[in-house]
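A.B. asks: Pasting in a structure now, in structure tokens, and then I'll have a few things to ask.
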Amino acid sequence: MTATQPVHLVRPAPVHVHPSSERWSVEAIEALFALPFNDLIFRAQQVHREHFDANAVQRSTLLSIKTGGCPEDCAYCPQSVHHDTGVEADKLMDVATVRQAAQAAAAAGATRFCMGAAWREPKDRDIEKVVELVREVKSLGLEACCTLGMLSKPQAQALKEAGVDYYNHNLDTAPEAYGRIISTRVYEERLQTLAHVRDAGMNVCCGGIVGMGESRRERAGLVAQLANLDPHPESVPINELVQVEGTPLAGSDKLDPFEFVRTIAVARITMPTAYVRLSAGRQEMGDAIQALCFLAGANSIFYGDKLLTTGNPDVERDEALFERLGLTSA
């Protein structure tokens, strides 16, 4: 970590939980995690089949439209100005470049095009430019998703009016672990942005990252926060930490792969109608672990060889895996 002082340095504030949060207590979710592996996977697969085609997987493509230079100090992120990772700050992509990427994604079979920008919170003039990009993506018949940082209520409304279908804003981890991961944004601010997204009428995409040194109880706490949003997110990306040299979490102990599969299963059981997405970390997963994740209820992936600044399985590998497993595109 560099000597640069964090921007907007604040301490994590108390989390205001929706009254419906008692629907899933942390203890109840811990009990799911503790089930024998076969019993947990069987239960998750039962829930999955009640709501989805068990052999269909939705494909999204993620493009970094503005990379690096983020003032946040997230301990996992190579785009933070506080970490020396070699990621250079870029300007916002132009319409022609985004159009070309979206066309390639559609041709490869993606149905949703996600655009990510390394901002703490976009300025209104940034939103105006993103609106142009969204309209271009929508003109190609793709669903549009954005992840731009914190939003004001008017900004969320502007994105909705432009045609954004999903807005991603992750909780990252449980409230109890949050202060170890980031100090430049409080948990309540994340929840407030999610409320603005929901009020504007966009679908909520919200998940977190596992493998950051958290305990199982803290993983259960993250799932509880997600499941107790009212309603729960329509899309839930579950990321496994990708360790990047120069970030504070580089060199962390690896998460047991079966614990990752358990997290997928618990997310499926507690959020039965959500698309549970295998997100960052897939490149290092073996095919057998990915297959177990699909069995546990994962039904969405990021498709393409790059996720923002980190690697992802190439299209050919995914196509081969889908064929071996008999999976189709949702």
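Just so it is clear, glycine is given a Cβ too, placed from its N, Cα and C backbone atoms.
In case it helps, Swiss-Prot gives these features for our protein:
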type	residues	note
BINDING	C70, C74, C77	[4Fe-4S] cluster binding site
BINDING	C114, C145, C205, R277	[2Fe-2S] cluster binding site
DOMAIN	55-282	domain 'Radical SAM core'
A.B. asks: Which secondary structure state does DSSP assign to C70 ([4Fe-4S] cluster binding site), in the simple three-class scheme?
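C.D. replies: Once the DSSP labels are grouped into three classes, C70 ([4Fe-4S] cluster binding site) ends up as strand.
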A.B. asks: Check C77 ([4Fe-4S] cluster binding site) against DSSP and tell me helix, strand or coil, would you?
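C.D. replies: The three-state answer is coil.
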A.B. asks: Any idea what the Cα distance is from C70 ([4Fe-4S] cluster binding site) over to C114 ([2Fe-2S] cluster binding site), rounded to a whole Å?
C.D. replies: 19
A.B. asks: Using the structure shown, find which entry in C70, C74, C77, C145, C205 (the binding-site residues) has the sparsest Cβ neighbourhood within 10 Å.
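C.D. replies: Output over binding-site residues C70, C74, C77, C145, C205: least Cβ neighbours within 10 Å is C74.
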A.B. asks: Would you report the average pLDDT that the model assigns to the domain 'Radical SAM core' (55-282)?
C.D. replies: 92
A.B. asks: What's the CA to CA span in angstrom from C74 ([4Fe-4S] cluster binding site) over to C205 ([2Fe-2S] cluster binding site)?
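C.D. replies: With distance taken Cα to Cα, C205 ([2Fe-2S] cluster binding site) is 19 Å from C74 ([4Fe-4S] cluster binding site).
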A.B. asks: Among all protein chains shown, how many Cβ atoms are found within 10 Å of the Cβ of R277 ([2Fe-2S] cluster binding site), not counting that one?
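C.D. replies: Excluding its own Cβ, the number within 10 Å is 24.
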A.B. asks: Please report the three-state DSSP label of C205 ([2Fe-2S] cluster binding site).
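C.D. replies: DSSP assigns C205 ([2Fe-2S] cluster binding site) to strand.
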A.B. asks: Can you see whether DSSP assigns C145 ([2Fe-2S] cluster binding site) to helix, strand or coil?
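C.D. replies: For C145 ([2Fe-2S] cluster binding site) - judged by DSSP and reduced to three states - the answer is strand.
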A.B. asks: To the nearest Å, how far is the Cα of R277 ([2Fe-2S] cluster binding site) from the Cα of C77 ([4Fe-4S] cluster binding site)?
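C.D. replies: Rounded to a whole number, the Cα-Cα distance is 19 Å.
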A.B. asks: Taking 8 Å from the centroid of the Cβ atoms of C70, C74, C77 as the cut-off, which other residues in that chain fall inside it around the [4Fe-4S] cluster site?
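C.D. replies: Other same-chain residues near the [4Fe-4S] cluster site: E72, D73, Y76, P78, Q79, S80, H83, A118, I182.
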A.B. asks: For C145 ([2Fe-2S] cluster binding site) and C77 ([4Fe-4S] cluster binding site), determine the Cα separation and express it in whole Å.
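C.D. replies: One finds 20 Å between the Cα atoms of these residues.
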A.B. asks: Quick check: which same-chain residues outside C114, C145, C205, R277 lie with their CB within 8 A of the centre of the [2Fe-2S] cluster site CB atoms?
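C.D. replies: For the [2Fe-2S] cluster site the neighbour list reads S60, L62, R112, T147, Y166, N168, S235, P237.
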A.B. asks: For the C-alpha pair, I'd like the distance in angstrom between C77 ([4Fe-4S] cluster binding site) and C114 ([2Fe-2S] cluster binding site), rounded off.
C.D. replies: 18
